[in-house]
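Student: If you scroll down you'll find the structure; I have some questions about it.
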Amino acid sequence: METPAMFIKRCSRSIFLQVVIGLVIGVICGVGIPDLAVQMKPLGDGFIKLIKMLIALIVFCVVVNGISGAGDLKKVGRIGLKSVIYFEILTTIALVLGLVVAYSLGLGSGANIHLNELPAGDVALYTGRTQEIHGPVAFLMGLIPTSVFSAFAENDILQVLLFSVLFGSALNLVGEQASGVARLINEFSHIVFRIMGMIVRLAPLGVFGAVAFTTARYGVDSLSHLGALVLVFYATCLVFVMAVLGSVLRLSGVRMLPFLRYFREELLIVMGTASSDAVLPQVMRKLEHMGIRSSTVGLVIPTGYSFNLDGFSIYLTLAVVFIAHVTGTPLAMTDLITILLVSLVTSKGAHGIPGSALVILAATLTAVPAIPVAGLVLVLSVDWFMGIGRALTNLIGNCVATVTIARWENDIDMPRAQAILDGRLEAPAKADGEPLKRSAVAGEGKLHG
């Protein structure tokens, strides 16, 4: 039987257990001492800001190191094209699933809420910002930074990714003459990852602060309001993860449950902070540790964070149909097709917009004349809870995408991946912060560090 001393020792070595404890204490504090708990919000916000502080540098280091040592630049382009095609297919499936579930269940039907009963003030906060969502040409132009420094200063990951791909490609083409620069960036990445390891140690504190504030602010029973929407959303996300993503992962030779268990610490942090940004560096590191080439991880994950938003896609069509039903708006087949087509465009505009979920939802409602935009206020009270599901599903979707594309490209050491997922090889050290390296030939060599 485990003694208290043994349990404390085990907790001191496990970030996973520390995060669980932080989450539980956060709930207790939120229920028992709400006045104090609401003041804990800066702990969660501060943790996320510390993580975001390094994301651009980590993306730069991982992508440059991966591409400069990849050898074949045509392969890099091929991975990028396959990623975009994969993202479009999976997000379309997610959009259709949300639409079909909400419509077939009649989600929100019978509420008969009148538009004059809805407060317009909160809606204006989001509808007034829909101009931030640009068309395709403006979006593509927005990928080009004003300067290299502005991309890093504004933490615009897509702009950083573009520069990183160009920089890594140039290093690759220059070859031996630039070997000193390549070594310098590789050594710099060790420093960045060491800092990240120090920050990750603060995850339990960040989760505690975020959960304590949320419990005190919204209450344990706050899900009862608009509970059907929240429950159906989570059920739909679960079906998507286990059935759709599970099937995709199975085709790659990996089972979903061991895969989720491997990322359990990251999923817990996302659950506590409602932000998948908080775990991006750790996720990239673990995917490399599984045996996936660093250049593939460095291309797929940052791009997926903007284009492969499966959880957000489910939320978008589900919420639009819900708002139509609760406001008594009849939906014809042409309306459903319009919702789907509009969502295919607006769902790609979420990158870099604060409060993006509600802003994109407002933009979608604005583009579908049949549905009143004022209905947006109906989902405001539960948006934070749905945000947890969005972030979890988005994260899992991007991890699955990386494995799938790596499998297509033969960029994953499958025996190593299976050994790690089965527990025959250890996961990377919990917070040592060291970047992982892999040989340039897919399927050969081992991970080090």
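Every residue gets a Cβ built from N, Cα and C, even glycine.
Since this is a predicted model, take the numbers as computed values, not measurements.
Sharing the feature lines straight out of Swiss-Prot:
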- 16-38: transmembrane segment (TRANSMEM)
- 53-71: transmembrane segment (TRANSMEM)
- 84-106: transmembrane segment (TRANSMEM)
- 157-176: transmembrane segment (TRANSMEM)
- 197-219: transmembrane segment (TRANSMEM)
- 229-251: transmembrane segment (TRANSMEM)
- 311-333: transmembrane segment (TRANSMEM)
- 358-380: transmembrane segment (TRANSMEM)
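Locate each feature and note its surroundings.
Tutor: Listed as Cβ neighbours of the transmembrane segment (16-38) (distance under 8 Å, sequence separation of 6 or more from its ends, same chain) are residues 10, 203-217, 220, 264-265, 268-269, 271-272, 430.
Cβ atoms under 8 Å from those of the transmembrane segment (53-71) belong to residues 151-152, 155-157, 160-161, 163-165, 167-169, 171-172, 178, 182, 185-186, 188-189, 192-193, 195-196, 199, 277, 280-281, 284, 293-299, 302, 435, 440 of the same chain, restricted to positions at least 6 beyond its ends.
Residues 232, 236, 239-240, 244-245, 248, 303-304, 307-311, 313-318, 320-322, 325, 331, 336, 339-340, 343-344, 347, 397, 401, 404-405 of the same chain sit 6 or more residues outside the transmembrane segment (84-106) yet have a Cβ under 8 Å from a Cβ within it.
Within the chain, the transmembrane segment (157-176) has long-range Cβ neighbours (under 8 A, six or more residues past its boundaries) at 55-56, 59-60, 63-71, 73, 76, 142-145, 148, 150-151, 182, 295, 298-299, 302-303, 305-306, 351-352.
Nonlocal intrachain contacts for the transmembrane segment (229-251), taken as residues 6+ away from its ends with a CB within less than 8 angstroms of a stretch CB, comprise 90, 93-94, 97-98, 101-102, 105, 107-108, 223, 259, 310-311, 314-315, 318-319, 322, 379, 382, 385-386, 389, 392-393, 396-397, 400, 403-404.
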Student: For the transmembrane segment (311-333), could you work out the same-chain residues 6 or more beyond its ends whose Cβ comes under 8 Å from its Cβ atoms?
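Tutor: Long-range Cβ neighbours of the transmembrane segment (311-333): 91-92, 94-99, 101-103, 106-109, 111-113, 115, 229, 232-233, 236-237, 240, 339-340, 343, 346-347, 350, 357, 360-361, 364-365, 368, 370-372, 374-376, 378-379, 386, 389-394, 397.
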